[in-house]
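> Sharing a structure with you now.
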Amino acid sequence: MIALGVFGFISAVSTFSLILFLTYRMAYWRRYYEKPLTKNQVVLLLYNLLLADFQQSLSFCISFYWLAQNKLVGPSKTCFLQAWLVHIGNVSSGLWVLSIGIHTFVNVVWRRKVPTSVFIAWAIGIWAFSLAITAAGPIKIRNIFVPTAAWCWIKAEYRWERLYLHYAYIFLAQIGSVVVYSFIAIFLYTQVHYAGGQQFSTAQTSGTTLKPQNDPFAESQKQILRTARYMVLYPLVYVVLTLPLAAARVAAMTYHNPPREIYIFAGAMMTSCGWVDVLLYTTTRNIVVLSKVNDKDTPSQWQSFRMWVRRMFGCGNLD
(Lines of atoms letter the chains of each structure in order from A and count residues from 1; the text may use other names and numbers.)
(Lines give C-alpha, C1' and ligand atoms only; values in the text may rest on other atoms or scores of the structure.)
Protein backbone atom coordinates (compact mmCIF):
# COMPACT_ATOMS: atom_id res chain seq x y z
CA MET A 1 0.00 0.00 0.00
CA ILE A 2 3.00 2.29 0.33
CA ALA A 3 3.26 2.38 -3.47
CA LEU A 4 -0.37 3.46 -3.75
CA GLY A 5 0.17 6.31 -1.33
CA VAL A 6 3.44 7.45 -2.88
CA PHE A 7 2.23 7.51 -6.48
CA GLY A 8 -1.08 8.99 -5.39
CA PHE A 9 0.75 11.78 -3.54
CA ILE A 10 3.00 12.52 -6.52
CA SER A 11 0.00 12.72 -8.84
CA ALA A 12 -2.00 14.83 -6.40
CA VAL A 13 0.79 17.38 -5.95
CA SER A 14 1.66 17.58 -9.64
CA THR A 15 -1.93 17.83 -10.90
CA PHE A 16 -2.90 20.38 -8.24
CA SER A 17 0.17 22.48 -9.06
CA LEU A 18 -0.63 22.49 -12.77
CA ILE A 19 -4.29 23.27 -12.05
CA LEU A 20 -3.20 26.29 -9.99
CA PHE A 21 -0.79 27.37 -12.73
CA LEU A 22 -3.43 27.14 -15.46
CA THR A 23 -6.01 28.87 -13.26
CA TYR A 24 -3.57 31.74 -12.71
CA ARG A 25 -2.85 32.00 -16.43
CA MET A 26 -6.58 32.00 -17.18
CA ALA A 27 -7.17 34.82 -14.69
CA TYR A 28 -4.22 36.95 -15.86
CA TRP A 29 -4.11 35.95 -19.51
CA ARG A 30 -3.37 39.50 -20.73
CA ARG A 31 0.13 39.24 -19.30
CA TYR A 32 0.97 36.18 -21.38
CA TYR A 33 -1.42 35.76 -24.32
CA GLU A 34 -3.18 37.74 -27.00
CA LYS A 35 -6.48 35.97 -26.37
CA PRO A 36 -8.12 34.58 -23.21
CA LEU A 37 -6.85 31.14 -22.31
CA THR A 38 -10.44 30.17 -21.55
CA LYS A 39 -11.09 30.40 -25.30
CA ASN A 40 -8.61 27.60 -25.90
CA GLN A 41 -10.72 24.44 -25.93
CA VAL A 42 -7.67 22.17 -25.88
CA VAL A 43 -6.42 23.72 -22.65
CA LEU A 44 -9.90 23.46 -21.15
CA LEU A 45 -10.09 19.78 -22.06
CA LEU A 46 -6.75 19.12 -20.41
CA TYR A 47 -7.77 21.27 -17.43
CA ASN A 48 -10.84 19.10 -16.84
CA LEU A 49 -8.79 15.94 -17.29
CA LEU A 50 -6.42 17.21 -14.60
CA LEU A 51 -9.38 17.83 -12.27
CA ALA A 52 -10.44 14.23 -12.76
CA ASP A 53 -6.90 12.93 -12.23
CA PHE A 54 -6.60 15.04 -9.07
CA GLN A 55 -9.67 13.45 -7.49
CA GLN A 56 -8.44 9.98 -8.35
CA SER A 57 -4.97 10.65 -6.94
CA LEU A 58 -6.41 12.11 -3.74
CA SER A 59 -8.21 8.84 -3.13
CA PHE A 60 -4.95 6.92 -3.04
CA CYS A 61 -3.34 9.43 -0.70
CA ILE A 62 -5.77 7.99 1.86
CA SER A 63 -3.64 4.83 1.70
CA PHE A 64 -1.29 6.51 4.18
CA TYR A 65 -4.17 6.69 6.65
CA TRP A 66 -4.84 2.96 6.26
CA LEU A 67 -1.15 2.26 6.79
CA ALA A 68 -1.25 4.25 10.01
CA GLN A 69 -4.31 2.27 11.12
CA ASN A 70 -2.64 -0.95 9.97
CA LYS A 71 -5.93 -2.00 8.36
CA LEU A 72 -8.79 -0.85 6.15
CA VAL A 73 -11.91 -0.01 8.14
CA GLY A 74 -15.33 0.10 6.57
CA PRO A 75 -18.03 0.98 6.17
CA SER A 76 -16.75 4.29 7.54
CA LYS A 77 -16.56 7.94 6.52
CA THR A 78 -12.96 7.60 5.40
CA CYS A 79 -13.74 4.47 3.42
CA PHE A 80 -16.70 6.21 1.79
CA LEU A 81 -14.56 9.21 0.86
CA GLN A 82 -11.88 7.06 -0.74
CA ALA A 83 -14.39 4.99 -2.72
CA TRP A 84 -16.20 8.13 -3.87
CA LEU A 85 -13.00 9.78 -5.10
CA VAL A 86 -11.83 6.60 -6.83
CA HIS A 87 -15.16 6.17 -8.58
CA ILE A 88 -15.74 9.71 -9.79
CA GLY A 89 -12.07 10.11 -10.69
CA ASN A 90 -11.99 6.96 -12.80
CA VAL A 91 -15.24 7.61 -14.64
CA SER A 92 -14.61 11.30 -15.33
CA SER A 93 -10.98 10.83 -16.43
CA GLY A 94 -12.03 8.14 -18.90
CA LEU A 95 -14.77 10.33 -20.35
CA TRP A 96 -12.43 13.31 -20.66
CA VAL A 97 -9.79 11.26 -22.46
CA LEU A 98 -12.48 10.10 -24.88
CA SER A 99 -13.68 13.70 -25.24
CA ILE A 100 -10.19 14.80 -26.24
CA GLY A 101 -10.28 12.14 -28.94
CA ILE A 102 -13.68 13.23 -30.24
CA HIS A 103 -12.62 16.88 -30.18
CA THR A 104 -9.49 16.02 -32.14
CA PHE A 105 -11.57 14.07 -34.67
CA VAL A 106 -13.84 17.06 -35.26
CA ASN A 107 -10.81 19.34 -35.74
CA VAL A 108 -8.76 17.01 -37.94
CA VAL A 109 -11.32 15.17 -40.07
CA TRP A 110 -14.16 17.68 -40.13
CA ARG A 111 -11.88 20.74 -39.85
CA ARG A 112 -14.22 22.51 -37.49
CA LYS A 113 -13.96 24.20 -34.14
CA VAL A 114 -16.56 22.91 -31.71
CA PRO A 115 -19.09 25.68 -30.98
CA THR A 116 -18.60 27.23 -27.55
CA SER A 117 -22.17 26.48 -26.47
CA VAL A 118 -21.79 22.81 -27.43
CA PHE A 119 -18.43 22.60 -25.67
CA ILE A 120 -19.80 24.07 -22.43
CA ALA A 121 -22.87 21.83 -22.50
CA TRP A 122 -20.66 18.79 -23.11
CA ALA A 123 -18.37 19.68 -20.19
CA ILE A 124 -21.28 20.21 -17.82
CA GLY A 125 -22.81 16.97 -19.02
CA ILE A 126 -19.67 14.94 -18.30
CA TRP A 127 -19.36 16.20 -14.75
CA ALA A 128 -23.09 15.86 -14.09
CA PHE A 129 -23.07 12.30 -15.41
CA SER A 130 -19.94 11.38 -13.43
CA LEU A 131 -21.48 12.78 -10.26
CA ALA A 132 -24.78 11.00 -10.85
CA ILE A 133 -23.21 7.63 -11.66
CA THR A 134 -21.02 7.88 -8.55
CA ALA A 135 -23.90 8.84 -6.28
CA ALA A 136 -26.21 6.16 -7.70
CA GLY A 137 -24.44 3.34 -5.87
CA PRO A 138 -24.69 4.61 -2.27
CA ILE A 139 -28.17 6.00 -2.95
CA LYS A 140 -29.41 2.62 -4.16
CA ILE A 141 -27.54 0.43 -1.67
CA ARG A 142 -26.62 1.42 1.86
CA ASN A 143 -22.98 0.77 2.81
CA ILE A 144 -22.05 -0.26 -0.72
CA PHE A 145 -18.55 1.20 -0.27
CA VAL A 146 -16.36 -1.18 1.76
CA PRO A 147 -12.70 -2.31 1.80
CA THR A 148 -11.92 -4.27 -1.39
CA ALA A 149 -8.39 -5.49 -2.05
CA ALA A 150 -6.10 -2.55 -1.19
CA TRP A 151 -8.62 0.32 -1.06
CA CYS A 152 -12.31 1.00 -0.55
CA TRP A 153 -14.80 0.62 -3.36
CA ILE A 154 -18.04 -1.17 -4.31
CA LYS A 155 -18.60 -4.37 -2.36
CA ALA A 156 -17.54 -7.45 -4.33
CA GLU A 157 -20.96 -9.09 -4.16
CA TYR A 158 -22.47 -6.29 -6.24
CA ARG A 159 -20.90 -7.41 -9.51
CA TRP A 160 -23.54 -5.94 -11.80
CA GLU A 161 -23.44 -2.61 -10.01
CA ARG A 162 -19.69 -2.55 -10.60
CA LEU A 163 -20.32 -3.20 -14.27
CA TYR A 164 -22.99 -0.64 -15.10
CA LEU A 165 -21.83 2.00 -12.61
CA HIS A 166 -18.14 1.85 -13.46
CA TYR A 167 -16.60 -0.77 -15.75
CA ALA A 168 -18.82 0.02 -18.74
CA TYR A 169 -17.56 3.60 -18.96
CA ILE A 170 -13.93 2.66 -18.47
CA PHE A 171 -14.12 0.14 -21.30
CA LEU A 172 -16.01 2.66 -23.42
CA ALA A 173 -13.23 5.20 -22.90
CA GLN A 174 -10.50 2.67 -23.64
CA ILE A 175 -12.06 1.16 -26.76
CA GLY A 176 -13.46 4.46 -27.99
CA SER A 177 -10.12 6.23 -27.65
CA VAL A 178 -8.30 3.50 -29.56
CA VAL A 179 -10.87 3.55 -32.38
CA VAL A 180 -11.03 7.33 -32.70
CA TYR A 181 -7.29 7.89 -32.61
CA SER A 182 -6.65 5.01 -34.99
CA PHE A 183 -8.98 6.61 -37.50
CA ILE A 184 -7.29 10.00 -37.04
CA ALA A 185 -3.85 8.45 -37.47
CA ILE A 186 -4.95 6.73 -40.69
CA PHE A 187 -6.41 10.03 -41.90
CA LEU A 188 -3.18 11.95 -41.30
CA TYR A 189 -0.80 9.33 -42.63
CA THR A 190 -2.97 8.87 -45.72
CA GLN A 191 -2.75 12.58 -46.47
CA VAL A 192 1.02 12.41 -46.25
CA HIS A 193 1.25 9.27 -48.38
CA TYR A 194 -0.99 10.58 -51.16
CA ALA A 195 0.32 14.13 -51.14
CA GLY A 196 2.59 13.50 -54.12
CA GLY A 197 5.28 15.74 -52.71
CA GLN A 198 2.92 18.68 -52.34
CA GLN A 199 2.55 20.55 -49.11
CA PHE A 200 -0.84 20.65 -47.56
CA SER A 201 -2.67 23.61 -46.15
CA THR A 202 -4.41 24.13 -42.86
CA ALA A 203 -4.72 20.98 -40.78
CA GLN A 204 -6.06 22.08 -37.45
CA THR A 205 -5.84 19.44 -34.76
CA SER A 206 -7.15 19.73 -31.21
CA GLY A 207 -4.15 21.81 -30.23
CA THR A 208 -2.11 22.30 -33.39
CA THR A 209 -2.52 24.82 -36.20
CA LEU A 210 -0.70 24.29 -39.47
CA LYS A 211 -0.09 27.27 -41.75
CA PRO A 212 -2.10 27.29 -44.96
CA GLN A 213 -0.50 26.59 -48.33
CA ASN A 214 -2.00 26.07 -51.80
CA ASP A 215 -3.77 22.78 -51.08
CA PRO A 216 -6.72 23.02 -48.66
CA PHE A 217 -5.55 20.12 -46.49
CA ALA A 218 -2.39 20.09 -44.47
CA GLU A 219 1.15 21.28 -44.19
CA SER A 220 4.46 19.49 -44.38
CA GLN A 221 4.96 15.78 -43.76
CA LYS A 222 7.14 16.50 -40.75
CA GLN A 223 4.53 18.66 -39.05
CA ILE A 224 1.70 16.22 -39.72
CA LEU A 225 3.64 13.26 -38.35
CA ARG A 226 4.59 15.29 -35.30
CA THR A 227 0.93 16.15 -34.76
CA ALA A 228 -0.11 12.51 -35.06
CA ARG A 229 2.46 11.44 -32.48
CA TYR A 230 1.31 14.14 -30.09
CA MET A 231 -2.37 13.26 -30.35
CA VAL A 232 -1.90 9.59 -29.58
CA LEU A 233 -0.05 10.20 -26.29
CA TYR A 234 -3.00 10.87 -23.99
CA PRO A 235 -5.16 7.87 -24.96
CA LEU A 236 -2.08 5.66 -25.09
CA VAL A 237 -1.12 6.63 -21.54
CA TYR A 238 -4.69 6.16 -20.32
CA VAL A 239 -5.12 2.72 -21.86
CA VAL A 240 -1.71 1.46 -20.72
CA LEU A 241 -2.09 2.69 -17.14
CA THR A 242 -5.72 1.63 -16.60
CA LEU A 243 -5.73 -1.69 -18.44
CA PRO A 244 -4.08 -3.76 -15.64
CA LEU A 245 -6.73 -2.80 -13.09
CA ALA A 246 -9.54 -3.29 -15.60
CA ALA A 247 -8.21 -6.77 -16.35
CA ALA A 248 -7.95 -7.58 -12.65
CA ARG A 249 -11.52 -6.46 -12.00
CA VAL A 250 -12.86 -8.47 -14.93
CA ALA A 251 -11.05 -11.53 -13.58
CA ALA A 252 -12.66 -10.92 -10.20
CA MET A 253 -16.10 -10.83 -11.83
CA THR A 254 -15.46 -14.32 -13.20
CA TYR A 255 -14.60 -15.52 -9.68
CA HIS A 256 -10.85 -15.63 -10.39
CA ASN A 257 -9.83 -12.95 -7.94
CA PRO A 258 -6.15 -11.91 -8.40
CA PRO A 259 -3.88 -11.65 -5.35
CA ARG A 260 -3.72 -8.40 -3.41
CA GLU A 261 -0.28 -7.57 -4.81
CA ILE A 262 -1.73 -7.43 -8.32
CA TYR A 263 -4.28 -4.85 -7.20
CA ILE A 264 -1.58 -2.76 -5.55
CA PHE A 265 0.51 -2.80 -8.73
CA ALA A 266 -2.51 -2.01 -10.92
CA GLY A 267 -3.68 0.73 -8.57
CA ALA A 268 -0.23 2.34 -8.54
CA MET A 269 -0.27 2.38 -12.34
CA MET A 270 -3.76 3.85 -12.48
CA THR A 271 -3.01 6.64 -10.03
CA SER A 272 0.09 7.48 -12.08
CA CYS A 273 -2.22 8.88 -14.76
CA GLY A 274 -2.09 12.21 -12.96
CA TRP A 275 1.64 12.87 -12.91
CA VAL A 276 2.12 11.33 -16.37
CA ASP A 277 -0.54 13.64 -17.84
CA VAL A 278 1.21 16.58 -16.18
CA LEU A 279 4.50 15.45 -17.68
CA LEU A 280 2.90 15.18 -21.12
CA TYR A 281 1.44 18.67 -20.87
CA THR A 282 4.65 20.32 -19.72
CA THR A 283 6.69 18.68 -22.48
CA THR A 284 4.20 19.35 -25.29
CA ARG A 285 2.64 22.66 -24.23
CA ASN A 286 4.37 24.55 -27.04
CA ILE A 287 2.42 22.41 -29.52
CA VAL A 288 -0.90 23.39 -27.96
CA VAL A 289 -1.70 26.39 -30.13
CA LEU A 290 -5.33 27.01 -30.98
CA SER A 291 -6.66 29.12 -33.84
CA LYS A 292 -10.19 29.61 -35.04
CA VAL A 293 -11.40 27.88 -38.17
CA ASN A 294 -12.71 30.25 -40.80
CA ASP A 295 -15.80 28.63 -42.24
CA LYS A 296 -15.46 30.62 -45.45
CA ASP A 297 -11.94 29.46 -46.19
CA THR A 298 -12.10 25.93 -44.84
CA PRO A 299 -13.60 22.96 -46.70
CA SER A 300 -16.83 21.62 -45.30
CA GLN A 301 -16.96 18.43 -43.27
CA TRP A 302 -18.21 16.46 -46.28
CA GLN A 303 -15.64 18.00 -48.62
CA SER A 304 -12.78 17.17 -46.25
CA PHE A 305 -13.92 13.60 -45.73
CA ARG A 306 -14.66 13.12 -49.45
CA MET A 307 -11.19 14.31 -50.50
CA TRP A 308 -9.61 11.96 -47.97
CA VAL A 309 -11.60 8.98 -49.26
CA ARG A 310 -10.54 9.82 -52.80
CA ARG A 311 -6.90 9.86 -51.81
CA MET A 312 -7.12 6.67 -49.80
CA PHE A 313 -9.26 4.53 -52.10
CA GLY A 314 -8.83 6.25 -55.45
CA CYS A 315 -12.53 7.02 -55.82
CA GLY A 316 -13.30 9.21 -58.78
CA ASN A 317 -16.59 10.79 -57.72
CA LEU A 318 -18.45 10.72 -54.43
CA ASP A 319 -21.09 13.30 -55.25
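Note that Cβ sites are derived from N, Cα and C of the backbone, with glycine treated the same way.
TrEMBL labels come from automatic prediction, so no person has curated them.
Under the heading domain 'G protein-coupled receptor GPR1/2/3 C-terminal', TrEMBL lists 219-285. If you look up TrEMBL, you'll see 6-24, 45-68, 80-106, 118-139, 167-189, 232-256, 262-282 marked as transmembrane segment.
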> Taking 3+ C-beta pairs under 8 angstroms (sequence gap of 6 or more) as contact, is the transmembrane segment (232-256) in contact with the transmembrane segment (118-139)?
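With fewer than 3 qualifying Cβ pairs, these stretches do not touch.
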> For the transmembrane segment (45-68) and the transmembrane segment (167-189), check the count of CB pairs under 8 Å (sequence separation 6 or more) and say whether it reaches 3 or more.
no
> With the transmembrane segment (167-189) as the reference, which stretch in 6-24, 80-106, 262-282 has the largest tally of C-beta pairs below 8 Å?
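Between the stretches 6-24, 80-106, 262-282, 80-106 has the largest tally.
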> Most CB pairs under 8 Å with the transmembrane segment (262-282): which of 6-24, 80-106, 118-139?
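So the stretch in question is 6-24.
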> Which sequence positions outside the transmembrane segment (6-24), separated from its termini by at least 6 residues, show Cβ-Cβ distances below 8 Å to it?
37, 43, 47, 50-51, 53-54, 56-61, 63-64, 268, 271-275, 277-279, 281-282
> The transmembrane segment (80-106): which same-chain residues, six or more beyond its ends, come within Cβ distance under 8 Å?
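Residues 41-42, 45-46, 48-49, 51-60, 62, 74, 112, 114, 122, 126-127, 129-131, 133-134, 137-138, 145-146, 151-154, 165-166, 169-170, 172-174, 176-177, 180-181, 183-184, 205-207, 231, 234-235, 238, 242, 270, 273 contact the transmembrane segment (80-106) from elsewhere in the chain.
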